[in-house]
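Copied over from TrEMBL:
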| type | residues | note |
| --- | --- | --- |
| ACT_SITE | Thr193 | active site, nucleophile |
| BINDING | Arg221, Val222, Gly223, Asp224, Thr244, Gly245, Leu246, Gly247 | substrate binding site |
| SIGNAL | 1-28 | signal peptide |
Amino acid sequence: MSDRRKFIKKAALGSVGLSALFSCASHANVVTSTQKVVPKKPIKKPLIISTWNHGLPANEEAWNQLKNGASTLDAIVAGVGIPEADPEVRSVGYGGLPDREGKVTLDACVMDKNSDCGAVSFLQGIKHPIAVAQKVLENTPHVMLTGEGALQFALSEGFKEENLLTEKSKLAWEKWLENSKYKPIINIENHDTISMLVLDEEGNLSGGCTTSGAAWKMHGRVGDSPIIGAGLFLDNEVGAAAATGLGEAVIRTAGSAMVVELMRQGKSPHEACKEIVERIYNKHKNHKDMAYLQVGFIAVNKNGEHAGYSIRPGFNYAVCDDEKGNRMESASSKMSKEDK
Ligand code: SD4
């Protein structure tokens, strides 16, 4: 059996056996917003968590890369590269929904255990912005390149320029132009920005985040996803966190950095995500963005405890480890389905 098939089989077995594994129910899907995450025995490493359903194929690829000896960052770049290349994922990379001028503009970043980071923002014409972000980390003295400069850098690194606007996304844009209203859709088709956090075999943390951003944004708009501290942050002594949802709200609150800082103060990933989601909610409850406000965080600490928490229900994340394979877990949320 190929490694890939073995993995899928194992993942399926893992979810069947989930209810039977009472003693190792160390995962955040059993946590409601009123319960606390109690520190449990450290789980087996590596551990990979990624936002949304498209996290499953991304985790699978990253997992296989790690098992085949790839560096953690290479595994992340290859993993999130799966939804980046998938035209059916309309919120990341190729096939992503464009801005209001019909341009697909991409944001991405990576961060490693040494707190080195690389990012690109407002990048056009390159299918894998996450791979360019990795090159910014490795081959430049900077943290972020943007727009035309990011494109020139990508080309100098050998990336190929291509049209990322698929026929489907172009049609969706033309339809949007009929009314031209900017109102981000909450939990777009249940697959949004992909953020991936990895606790590797050595217990070191790394992360990556990639997106085409909010559909129908203004040309030139950059969201939280490429901003270290907003869309992604980690401190290898403490933990890692990443965001999805309305980038403006995450930037206003330095979201992921705050989640990590709360974990440093002793909060569990669940408690830390919950507190920052509540802070964002409270700061926005009378704000014009509230009508379409959704923000979700995932977080993992050095013990391999992890959690997801969002403002509105509907957010989920993919978790992959040796013990239970690759599966989806639901995030707890501040609001319920009934809340408007
Ligand atoms: C952004 N956080 O650009 C990203 C994308 C996203 O709902 O998650 N949109 O704001």
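Cβ coordinates are placed from backbone N, Cα and C, and glycine is handled just like the others.
Feature map: annotations from TrEMBL on the structure.
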| residue | record | DSSP (3 states) |
| --- | --- | --- |
| Thr193 | active site, nucleophile | coil |
| Arg221 | substrate binding site | coil |
| Thr244 | substrate binding site | strand |
Rounded distance in angstrom between the Cα atoms of Val222 (substrate binding site) and Thr193 (active site, nucleophile):
13
Check the binding-site residues Gly223, Gly245, Gly247 for other C-beta atoms within 10 angstroms of each C-beta and report the one with the most.
Gly245
Neighbouring C-beta atoms (10 Å sphere around the C-beta of Thr244 (substrate binding site)):
31
Who sits close to Thr193 (active site, nucleophile): which same-chain residues at least 6 apart have their Cβ under 8 Å from its Cβ?
Thr51, Trp52, Ser91, Val92, Cys209, Thr210, Thr211, Gly213, Ser225, Gly231, Ala243, Thr244, Gly245
Which of Val222, Leu246 has the fewest nearby Cβ atoms, counting only those within 10 Å, among these binding-site residues?
Val222
Using a 10 Å radius around its CB, how many other CB atoms surround Asp224 (substrate binding site)?
31
